[in-house]
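Feature annotations, reproduced from TrEMBL:
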type     : residues                                            : note
BINDING  : 7-12, D32, R37, 85-89, 126-127, E162, 273-276, R343 : NAD(+) binding site
ACT_SITE : C273                                                : active site, nucleophile
DOMAIN   : 329-452                                             : domain 'UDP-glucose/GDP-mannose dehydrogenase C-terminal'
Amino acid sequence: MKIACIGAGYVGGPTMAMVALKCPEIEVVVVDINEERIKAWNSEKLPIYEPGLFEVVKECRGRNLFFSTDTKKHVGEADIVFVSVNTPTKTHGIGAGRAADLTYWEGAARLIASVSSSSKIVVEKSTVPVKTAEAIGKVLKRNCLNPDVNFEILSNPEFLAEGTAMEDLKHPDRVLIGGADTPSGQKAIQTLAEVYAHWIPRERILTANLWSAELAKLTANAFLAQRISSINAISALCEATGADVSQVAHAIGTDSRIGGKFLNASVGFGGSCFQKDILNLCYVCESVGLKEVADYWGQVVSMNDYQKQRFVERVIGAMFNTVSGKKIAVYGFAFKKDTGDTRETPAIDVCKGLIRDGAKCCIYDPEVKAEQIFRDLSAPKFEWDRPNYSRSQSHMLENVQVQSDPVAAADGAHAICVLTEWDEFKKYDFAALYEKMVKPAFIFDGRNILDHAKLREIGFITYALGKPLDPFLVKGY
């Protein structure tokens, strides 16, 4: 058997590496038209950072795992083709700002059809709107010249969490495979299930119809994001009343019906999926006339935007209602720890909000490159997921500096904003940093990872999100 995967990104690369590791008799090839990315996958410095990924790639690369730009050859030879291309949010036209843009998906389908001389199983790995399989089936059928070739489309959504992706792939809660309720569709489901059964217990391999599988992915992300927005809404109330959001979260999290996961209040959720999938879900609901359902889920995104704006306003308000010309050290740009991924990271909106008010942001992140930070801060909304997005709005970058050293980032700063929960931030010598900063020196902990009592002892004016306010921060009007 030979497997090809179109798309060498955060999903395709790690997933195929794990398949190659666990199925040594299967040849796995990851293809992408981006030569730079493929070169990086074949190098000692992979294009994405994920704990444990490099070790797996190194073990399998050249044995039964290959990375190539020869898309036609490898897709043509494959028995199973995974499609892991971007499905960004549309930026213009009908459904702009909500609907998924399936341009790359359609291009992949046309490629598969054009090079197929044998029947294939085509697997949706990207997150797609409900009923995408139907559209893709039509493209495949009408563009394949060989009448003897049959395509079976399966939905096999990924449920990885960045930072723990390799562990999630090794020991998943479940693998979901959706297919057509026909003999050939069921046979295709079993073929893919046998690949996963190399290392995953059969009872964890769930099967469903195509539409249920597609919708399950959107729904899973919507539910997780909803929990974050819910606790973030309560964090605002905690600050207004003197309650402590950590204590509230712990109290409700010990209820077995609720559980303790995804109840850490923060400056907001990010990542490539949550916002995009919820907006997509809203659009699907609106398309079938379910406006109230769309409005309900849309509020999850609205609350996330509110939380980021609230954080910006808290920083500006605390610093005497002006950050103009003030240096603010930003610790963390990735959307969460243990990943270099910056897609939809809350840091983008927070930095933009501070810069609009005249602040000079000095950013440090242990894994995110300076080039990526500048690209993210100069890209228009929803354009981050496109290969050649516009470089406009670069004037915003006049007030941005990227530092490779956290001490240098804080030197001469009025404030430190913690926007990612990297473990290393907890270990810094904050007394030494305090000496280098302009007084009064502020710390705004957007992740609640620091020792706030100790920071106050040092002399910092400390804001901990969702916790009783430092008297200095309480407005007297």
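The backbone N, Cα and C atoms fix where each Cβ goes, and this holds for glycine too.
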Rounded Cα-Cα span from the residue listed as 'active site, nucleophile' to T89 (NAD(+) binding site), Å: 10
Cβ neighbours within the same chain of G7 (NAD(+) binding site) - under 8 Å, at least six residues apart: V30, D32, F82, V83, S84, V85, N86, A108, K125, S126
Cβ neighbours within the same chain of Q275 (NAD(+) binding site) - under 8 Å, at least six residues apart: A225, F269, V301, N304, E344
Residues of the domain 'UDP-glucose/GDP-mannose dehydrogenase C-terminal' (329-452) by DSSP state, where helix covers H, G and I: 44 helix, 19 strand, 61 coil
Spatial neighbours of the residue listed as 'active site, nucleophile' that are distant in sequence (at least 6 apart) but have CB under 8 A: T127, N221
